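Record features (Swiss-Prot):
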{"type": "DISULFID", "residues": "Cys7-Cys57", "note": "disulfide bond"}
{"type": "DISULFID", "residues": "Cys16-Cys40", "note": "disulfide bond"}
{"type": "DISULFID", "residues": "Cys32-Cys53", "note": "disulfide bond"}
{"type": "DOMAIN", "residues": "7-57", "note": "domain 'BPTI/Kunitz inhibitor'"}
{"type": "MOD_RES", "residues": "Gln1", "note": "pyrrolidone carboxylic acid"}
{"type": "SITE", "residues": "Leu9", "note": "site 'Important for binding to potassium channels'"}
{"type": "SITE", "residues": "Lys19", "note": "site 'Not important for inhibition of potassium channels'"}
Amino acid sequence: QPRRKLCILHRNPGRCYDKIPAFYYNQKKKQCERFDWSGCGGNSNRFKTIEECRRTCIG
């Protein structure tokens, strides 16, 4: 079980057109993974670095 509720949210790239490197916690694989964020929208399961993702969702 992830440490925080935001970590169970599905990856959501948002609704704009940029491709900004970001990371999210993949609950099925129990690890943080890279994805492209569009620059707007999405949800809180989005981190600037893999370290921040791991610190928040894994511990």
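Positions of Cβ are set from backbone N, Cα and C atoms, glycine also.
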Give me the CA-CA distance between Lys19 (site 'Not important for inhibition of potassium channels') and Cys40 (disulfide bond), in Å, as a whole number.
10
Between C-alpha atoms, which of these recorded positions comes nearest to Cys40 (disulfide bond): Cys7, Leu9, Cys32, Cys53?
Leu9
Within the chain of Cys32 (disulfide bond), which residues six or more apart in sequence place their C-beta under 8 angstroms from its C-beta?
Phe23, Tyr24, Tyr25, Asn26, Phe47, Ile50, Cys53, Arg54, Cys57, Ile58
Around Cys57 (disulfide bond), how many other CB atoms lie within 10 A of its CB?
23
Write down the Cα-Cα distance for Cys16 (disulfide bond) and Leu9 (site 'Important for binding to potassium channels'), rounded and given in Å.
19
Which whole-number value in Å describes the distance between the Cα atoms of Cys7 (disulfide bond) and Cys16 (disulfide bond)?
22
Other than its own, how many Cβ atoms are within 10 Å of the Cβ belonging to Lys19 (site 'Not important for inhibition of potassium channels')?
12
What does DSSP call Cys40 (disulfide bond) in the simple three-state scheme?
coil
In sequence order, what residues of the same chain, 6+ apart, have a Cβ less than 8 Å from the Cβ of Cys16 (disulfide bond)?
Ser38, Gly39, Cys40, Gly41
When neighbour density is defined as the number of other C-beta atoms within 10 angstroms of a residue's C-beta, which of the disulfide-bonded residues Cys7, Cys40, Cys53 has the lowest density?
Cys40
Where does the mean pLDDT land for the domain 'BPTI/Kunitz inhibitor' (7-57)?
98
Kindly report the helix/strand/coil residue split of the domain 'BPTI/Kunitz inhibitor' (7-57) according to DSSP, in that order.
10 helix, 15 strand, 26 coil
Specify the count of other C-beta atoms within 10 Å of the C-beta of Leu9 (site 'Important for binding to potassium channels').
17
